[in-house]
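Undergrad: Can you read through this structure? Questions will come right after.
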């Protein structure tokens, strides 16, 4: 992985009065570009082949310029061009997935956030070590599929938008559905309501909900719309569907907004705080936007089944603010909050604390 010192050497040649915010044209890029523009930054969209036509329909979020590449791996050959434009990369889930975690770790362009989190986020065993070390309640993990004796969720490593995930109740069902060519994790299936909690950790702000270093914000929350799981039971009971050879799938197709009971906010903040504090000790901290993927049970317990250590697509619901972000600042999206962090770091000469 590129070292922090190498990144700081690149920054010495940057014109910090003319930073360009860049990301791949996908996932949450409209929100990122809109937020960057609101904070006065130039924007650059990276795309394969030609610029997406639909960007013309959203002039406020259309980037100021595009970098056209032959393939996403070709980004690695454009690093000097990006650095000449004083680019800071904003990674989102698709950026990392398309470029590949190894390439992303070696990308010689200053990047918002701490790339060291990749080692802990992309490996489900290390992710579990991190969350359990933070005192987070997680679904039980089953190491041997022959021990399955009730509903479990089987997930593959990496950001796949839920593709290929499945529920099994027996070893036989698991054996029928699993793709053994991929690394997988088997988790106890928790009944309850799914909440995806969108946080922002700043190592350079020391006001609001403060931690041992910096501060934590809760910007929004959502629930994912999954195909075909969210509509399939219109066709019949689970038993009838299985008899018909139809099984639920969990591909994310969109998001719906949520708020939580106000009495749950102390626990929600506590979860975010514990995860950040643990990250500070493990790898120097998880910087910027992150999401805890949770289930709220009927006993009002919150179980965390995964973490996404960057901006998530569910924040796209709130380009003009959310019920929580509006109580911090009107018209505050996660994309805009990222731009504010960069702007503040430049102003206070603290870019080294938020860039890797």
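Glycine is no exception: its Cβ is also placed from the backbone N, Cα and C atoms.
For 145-196, 226, the entry in Swiss-Prot reads ATP binding site. Taken from Swiss-Prot, the feature Mg(2+) binding site applies to 293, 306, supported by sequence analysis. Among the features that Swiss-Prot reports, domain 'ATP-grasp' is placed at 101-333.
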Undergrad: Considering the binding-site residues 180, 194, which residue's Cβ sits among the greatest number of other Cβ atoms within 10 Å?
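TA: Per the Cβ count within 10 Å, the most buried is 194.
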Undergrad: For residue 293 (Mg(2+) binding site), which of the three DSSP-derived states applies: helix, strand, or coil?
TA: strand
Undergrad: Using Cα coordinates, what distance in whole Å links residue 152 (ATP binding site) and residue 293 (Mg(2+) binding site)?
TA: 17
Undergrad: What is the interatomic distance between the Cα atoms of residue 166 (ATP binding site) and residue 293 (Mg(2+) binding site), given in whole Å?
TA: 17
Undergrad: Using DSSP with the three-state reduction, classify residue 173 (ATP binding site) as helix, strand or coil.
TA: helix
Undergrad: Reduced to three states, what secondary structure does DSSP give residue 180 (ATP binding site)?
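TA: Assignment for residue 180 (ATP binding site) reads coil.
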Undergrad: Around residue 173 (ATP binding site), how many other C-beta atoms are within 10 angstroms of its C-beta?
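TA: The answer is 19.
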